[in-house]
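> Pasting a structure below so you can have a look.
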Amino acid sequence: MSSSLWLQCMQRLQEELPATEFSMWVRPLQAELNDNTLTLFAPNRFVLDWVRDKYLNSINRLLQEYCGHDIPNLRFEVGSRPVAAPKPAPTRTPADVAAESSAPAQLQARKPVHKTWDDDAQAIADINHRSNVNPKHKFNNFVEGKSNQLGLAAARQVADNPGGAYNPLFLYGGTGLGKTHLLHAVGNAIVDNKPNAKVVYMHSERFVQDMVKALQNNAIEEFKRYYRSVDALLIDDIQFFANKERSQEEFFHTFNALLEGNQQIILTSDRYPKEISGVEDRLKSRFGWGLTVAIEPPELETRVAILMKKAEDHQIHLADEVAFFIAKRLRSNVRELEGALNRVIANANFTGRPITIDFVREALRDLLALQEKLVTIDNIQKTVAEYYKIKVADLLSKRRSRSVARPRQLAMALAKELTNHSLPEIGDAFGGRDHTTVLHACRKIEQLREESHDIKEDYSNLIRTLSS
């Protein structure tokens, strides 16, 4: 076997792989054939691990095709091919000369690289170049409701047409409302539609960690090429970029490169883009270039539907009245609902008792007691007054100025949503008002949440504060 073996393999790989993929991962490799062992040298651990993970089978297939049973052993190393000791020049045929003169630079002798790689850091090997998309989170097991309807519709559109009109897609809302589920659902749908698509999901802190490792190990160019070569980049909790200036700088350029290439970006945050503190204005501006959608806390009907769906997944019968009992008392987010249901199911399995309202009340007694203690009308009034920088006495007064009337209506709507008090009881707690006044306030706030971004934001922020 001659030194042209790897050249032949490279030529075939160049035919089989997309041009950018070949240039990024295969072209940088150097080769050395010695004692029936073919050693491939990668410039850093990141490239080495990627090649071994993605192309090992293809390389072995080509070696077997060219060598038959005399296939060489294959090794990978980080560094450059060492300079061979001088040997007497052998007699070469014109064909040998032509083959060697046409060999790429990767097969020519270079000075050895003496860089040592820290075993703990493992260079850039820890960069997670797998998709990380959770196959369990799909559109068909996402429970749709009024609170997430627009977000779900936007996510479906993006999955059907990645890199299209909604780029970037920015989903925001409190913890446990389904933003991460939607990210994974989009990723799964894109891959289902196009199996070769390169879709990467990650938490924003992972991006920061990868960048730091790339900087530490002189692999920033590989880092850039990797992140800018994806078909869809899905980043959770973008607010964790706050005050990380170098990460923001790198993400800014990555963001621009992906948008210019019509590659899809989806971001999530716990707040509206312009309200993320510690993030540069130029980034916050770009976050809003596509479509920004709020994911709201689920309303009662959606909470019930979520519980019924999860019970069905566990092959557990959950009576409607039991689902309503739980949903009326746990209002903050989907994660809390699922946790409560898991607890109820576990208790039922341990005791062998049927799941009734009395059983649920017993199984969740500490959680329900905590909720009732935290969310009272008094607590709502104090929280709303503090939020709008007015006095609780203003909420109870007869004043009708908008600066007081609107917070009062919000507080009434929150009392109806977050407590089990009747409309007359809520009216009494707000200065002896009639129950029709409370009903009007609830309907008005529901209407304004559809029409006014500010009211929608205020309502979500107050729900999150009162339910946490």
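The backbone N, Cα and C atoms fix where each Cβ goes, and this holds for glycine too.
Feature list, courtesy of Swiss-Prot:
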BINDING   G176, G178, K179, T180  ATP binding site
REGION    1-84  region 'Domain I, interacts with DnaA modulators'
REGION    81-113  region 'Disordered'
REGION    84-131  region 'Domain II'
REGION    132-348  region 'Domain III, AAA+ region'
REGION    349-468  region 'Domain IV, binds dsDNA'
> Which of G176, G178 (the binding-site residues) has the most other Cβ atoms within 10 Å?
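Ranked by Cβ atoms within 10 Å, first place goes to G178.
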> Looking at the binding-site residues K179, T180, which sits with the largest number of other Cβ atoms within 10 Å of its Cβ?
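Going through K179, T180 one by one, the largest Cβ count within 10 Å is at K179.
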> Enumerate the residues of the same chain, G176, G178, K179, T180 excluded, that satisfy the criterion Cβ within 8 A of the mean position of the Cβ atoms of the recorded ATP site; list them in sequence order.
G173, T175, L177, H181, L182, T268, I295, N333, V334, R335
> If you run through the region 'Domain I, interacts with DnaA modulators' (1-84) with DSSP, how many residues end up as helix, strand and coil?
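Split into helix, strand and coil, the region 'Domain I, interacts with DnaA modulators' (1-84) gives 44 helix, 17 strand, 23 coil.
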> What average pLDDT is reported by the model for the region 'Domain IV, binds dsDNA' (349-468)?
88
> With helix taken as DSSP H, G or I, strand as E or B and everything else coil, how many residues of the region 'Domain IV, binds dsDNA' (349-468) land in each class?
93 helix, 0 strand, 27 coil
